[in-house]
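Pulled from Swiss-Prot:
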type: BINDING; residues: Tyr171, Gly190, Glu213, Asp240, Phe241, Ser255; note: S-adenosyl-L-methionine binding site
type: SITE; residues: Asn260; note: site 'Required for 4-O-methylation activity'
type: SITE; residues: Arg307; note: site 'Required for 10-decarboxylative hydroxylation activity'
Amino acid sequence: MSSSSPGEPLEPTDQDLDVLLKNLGNLVTPMALRVAATLRLVDHLLAGADTLAGLADRTDTHPQALSRLVRHLTVVGVLEGGEKQGRPLRPTRLGMLLADGHPAQQRAWLDLNGAVSHADLAFTGLLDVVRTGRPAYAGRYGRPFWEDLSADVALADSFDALMSCDEDLAYEAPADAYDWSAVRHVLDVGGGNGGMLAAIALRAPHLRGTLVELAGPAERARRRFADAGLADRVTVAEGDFFKPLPVTADVVLLSFVLLNWSDEDALTILRGCVRALEPGGRLLVLDRADVEGDGADRFFSTLLDLRMLTFMGGRVRTRDEVVDLAGSAGLALASERTSGSTTLPFDFSILEFTAVSEEAAPAAQASEALPAQE
């Protein structure tokens, strides 16, 4: 048994080596899982294709290559049985997580044709990301993440489905956490498919809303508002939030926007929002913003942070970092509240800011240049 002095690293054990080889340093299994998810292997097995020949026929794959994939999935505990065992091939309890109908939605998250797993392939460029600080997504796919989603309907639809797979967690709980009774007009900046603004408008039938987004998500938001019967109160403006915003409002909302951007870009976004505030207005920032920076689970916190860095050059910030960034844009924290959700794998809150000076928030001048919507 090895010994070491206090403060010195311990000698790794054979068990440590096993963990490194099989879990931490292994790229084969993560890709095998993604291929299984993309081919919907578990769903085909559940539908009766319980032999390799039947599975290859259903998935239009090379039988021998598929058999080697299945063998590895069996070794790692995703599948069990097979012809050599004299039993039908079937998913294990773990493998059932890859069924399309499972509420954890892991098949969709791992599907290589879906937005997140597609983007995860950019992690092959993580070395360059760490060396340069620049995201890898555009280098792999030819255009930045958000531009790609705006232009590719299939990717965008998969992204929207993943982000709103639990409407209660994604939109309803945060919408319930704030008092909208005195709000006249909400300007949702970078509001995606409109899920958050729709949840707010349905809870506050007196207010009007405007969503600013790129062309692709803007069109999806229009459909959502129309389907929800909100088209008479909620409008969509196609635009780039790095440019002047199209209207002013008494509440400007940034919902999970800032973590997608570098400090420099996030500051530009915040300053644009300040200019769109009407006198006495409030900026609401719904974001990952916990006190310590570790979230409810450090694994998900650091995983999300590296994804933000690799996909689009963003970063997950602590609550204090968000407050400091807002302060640089001329904002002061007025209040904060939890989102109303206790089940997300990382902490987030609603931070409410007000402009601290006329210089930082020239609302009177802005309201002359931008049409206010009552």
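Each Cβ is built from the backbone N, Cα and C atoms, and glycine gets one as well.
Where Swiss-Prot records a feature, it is marked here on the structure.
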residue: Tyr171; record: S-adenosyl-L-methionine binding site; CB count, 10 Å: 21
residue: Gly190; record: S-adenosyl-L-methionine binding site; CB count, 10 Å: 23
residue: Glu213; record: S-adenosyl-L-methionine binding site; CB count, 10 Å: 26
residue: Asp240; record: S-adenosyl-L-methionine binding site; CB count, 10 Å: 12
residue: Phe241; record: S-adenosyl-L-methionine binding site; CB count, 10 Å: 21
residue: Ser255; record: S-adenosyl-L-methionine binding site; CB count, 10 Å: 24
residue: Asn260; record: site 'Required for 4-O-methylation activity'; CB count, 10 Å: 19
residue: Arg307; record: site 'Required for 10-decarboxylative hydroxylation activity'; CB count, 10 Å: 18
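Between the CA atoms of Gly190 (S-adenosyl-L-methionine binding site) and Arg307 (site 'Required for 10-decarboxylative hydroxylation activity') there is a gap of 19 Å. The record assigns Tyr171, Gly190, Glu213, Asp240, Phe241, Ser255 to the S-adenosyl-L-methionine binding site, and the maximum Cα to Cα distance across that set is 23 Å.
Between the CA atoms of Asp240 (S-adenosyl-L-methionine binding site) and Arg307 (site 'Required for 10-decarboxylative hydroxylation activity') there is a gap of 23 Å, rounded to the nearest whole number. Secondary structure at Arg307 (site 'Required for 10-decarboxylative hydroxylation activity'), as computed by DSSP, is helix. DSSP gives Gly190 (S-adenosyl-L-methionine binding site) a coil state; it is part of no helix or strand.
DSSP assigns Asn260 (site 'Required for 4-O-methylation activity') to a helix in the three-state reduction. Counting only the Cα atoms, the space from Glu213 (S-adenosyl-L-methionine binding site) to Asn260 (site 'Required for 4-O-methylation activity') is about 14 angstrom. Taking Cα separation as the measure, Asn260 (site 'Required for 4-O-methylation activity') is nearest to Arg307 of the recorded positions Tyr171, Phe241, Arg307. The separation of Tyr171 (S-adenosyl-L-methionine binding site) from Arg307 (site 'Required for 10-decarboxylative hydroxylation activity'), Cα to Cα, is 22 Å.
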